[in-house]
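Novice: These came from Swiss-Prot, pasted as-is:
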type    : residues                                                              : note
BINDING : His74, Gly115, His116, Ser117, Gly147, Ala148, Asn175, Tyr286, Glu366 : thiamine diphosphate binding site
BINDING : Asp146, Asn175                                                        : Mg(2+) binding site
Amino acid sequence: MGPILERISLPEDIKKLKPSELMALAQELREYIITVASQNGGHLAPSLGVVELTIALHFVFEAPKDKIIWDVGHQAYAHKILTGRKKQFKTLRTFGGLSGFPKRDESPYDAFGVGHSSTSISAALGMALARDLKGEQYEVVAVIGDGALTGGMAFEALNHAGHLQKKLIVVVNDNEMSIAQNVGALSAYLSRIRTDPKYSRGKDELEALIKKIPHIGPTMVKIGERLKDSFKYLLVPGMLFEELGFTYLGPIDGHNIKEMIEVFSRAKTFAGPVVVHVITKKGKGYHWAEENPDGFHGVGKFYISTGEPVEAPRVSFTEVFGKALVELAQDRPEVVAITAAMPTGTGLNYFAQNYPERFYDVGIAEQHAVTMAAGMACEGLKPVVAIYSTFLQRSFDQIIHDVCLQNLPVVFAVDRAGIVGEDGPTHHGIFDLSYLRMIPNLTIMVPRNEDMLRKMLFTALNHSGPVALRYPRGAAVGVELTPYEQLPIGTAEILKEGSDGVVIGVGRPLNYALKAAQKLENEGISLTVIDARFVKPLDYKLLEEVGSLHKPVITVEENVVAGGFGSAVNEYFSFRGIGTKVVNLGIADEFPPHGKVEEILNLYGLTEEKLYLKFREILSKL
């Protein structure tokens, strides 16, 4: 940790620094962020890109009185360090340590909890409205990236904020990944006068004077407005924001602290909503991240000198899915693939490379992705929509109304289902079985390993209705891949026979359950272990047989217990009047914390050792 950073405990300490020290602070922050991220993993490139921006914001604004809201939160590392969490930052993303995202219960400087994209402007507007209703005085600032602006929610909020004309500042962090940078001397000149506080006041005074000219005054003003608007449409990149009712300032250099301090100070003088457009470089200050900002967006542990990962990457469920889809689409031209701004994260990068004309990245627009897929399915295509479980929640209405109500053959590849690890509660995919299971016409499949994933994808592509196929983040199990095979819908698979009780489950934990059951054999306890494979429809014939045994039944899943797979088993037994004792194991009715996947699974009793102990305890009581 550098000597200047050592002197910084809270944002007020930043205001005491000289301009040269502010730039040195930026360098020290980058070094500290790189060091910690190399040891803990994290969202490195986004945070490196906003170091100077973060310093400028905390120099100008008076947090926590002033509210600074970071959209998504990938870029909030410097913010955390500068707001009293400097020493704790070494615990970033570790179990019991600092979250990788802003959290209200972690610090008063985290004005709003985030993790999902495009929410900051809505939250900021809500705070501004609350401020004004209560007669309070403080600034509200939303910091949103150009990528997050592809989300429809952001534009809904911009539209409403522009209409209400409340005092609000939106900082658009343009890291050159989506919005093209405006160029030209005249553009720079127009930007300079737009950031001058004299411009707004002087323009109004000039118009008032011209209007007083007899006969031609009002006409001159109208002509001037048309000419001005014509130039702005051609040359000013903020025209969209102006039309929505915002004052636009920029673009400015997001790595020039002095310039940003000046512009943020000016932004505070406006009575209505303001957009400040800053240009930053994702990964700034670390060669490997600058060269490959997408690859260093989210990283595991890596060597600082080379940028190479500490652990060699293992084959993941995502990779198996992506490559299998490429194989299966080879002779099926009707298969198309859709992602919501996550081509690499969902494994669809392989599909995009092989079939670019059949690949669609819609941006951060999950609702649009699902309904677009529905339209494609109406016209004979076979859309595969690959979205993380936690983000699929955003398109719930579209899944129901546009896909399942019409029984359209859309395949939902639900990635990152279950516990995801260090990204924590905003990213755990623990609700999808519950919110998808209630929807009529939808078939739900859950593979326990990568071979079953391939078979289920094959089955889904051949099914005539909508299918959700959920699988976890991280390394696959390591089983041998066998030929593709059509699975009969709603059939389970018995993995082990036993006489003392039945374990039935789905997904990753079933592998641990099988090992736990095998361990119990050494103690004379014999369990049947069943892979349900389908959460909807269930294998009702097999459940009837299980119920007739009058032995304890234990369900296992990596989903919240409420409304999940175990609940489906309970409902069927209740409907059929089967009095078998059932115990449901899964995620408790709470938001799991962040940490390694194994740590979180252990917390909820879903590891091999914990399941072994739990099975033994349950059987001793029932």
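In case you wondered, yes, glycine gets a Cβ from its N, Cα and C as well.
Describe the structural context of each listed feature in the structure shown, including burial, neighbouring residues and relevant distances.
Specialist: Taking the Cβ of His74 (thiamine diphosphate binding site) as reference, residues of its chain lying under 8 Å away and at least six apart in sequence are, in sequence order, His43, Pro46, Ser47, Phe101, His297, Gly298.
Listed in sequence order, the residues of the same chain lying 6 or more apart from Asn175 (thiamine diphosphate binding site) and placing their CB within less than 8 Å of its CB are Pro46, Gly49, Gly145, Asp146, Gly147, Ile279, Thr280, Lys281, Lys282, Pro293.
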Novice: Taking His74, Gly115, His116, Ser117, Gly147, Ala148, Asn175, Tyr286, Glu366 as the record's thiamine diphosphate-binding set, what's the max Cα pairwise distance in Å, rounded to a whole number?
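Specialist: Value for the max Cα separation, rounded to a whole number: 32 Å.
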Novice: According to DSSP, collapsed to three classes, what secondary structure does Glu366 (thiamine diphosphate binding site) have?
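Specialist: SS state of Glu366 (thiamine diphosphate binding site) = helix.
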Novice: Quick one: of His116, Gly147, Glu366, which of the binding-site residues has the smallest count of other CB atoms within 10 A?
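Specialist: Among the binding-site residues His116, Gly147, Glu366, the lowest count of other Cβ atoms within 10 Å belongs to His116.
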Novice: Within 10 Å of the Cβ of Asp146 (Mg(2+) binding site), how many other Cβ atoms can be counted across all chains shown?
Specialist: 18
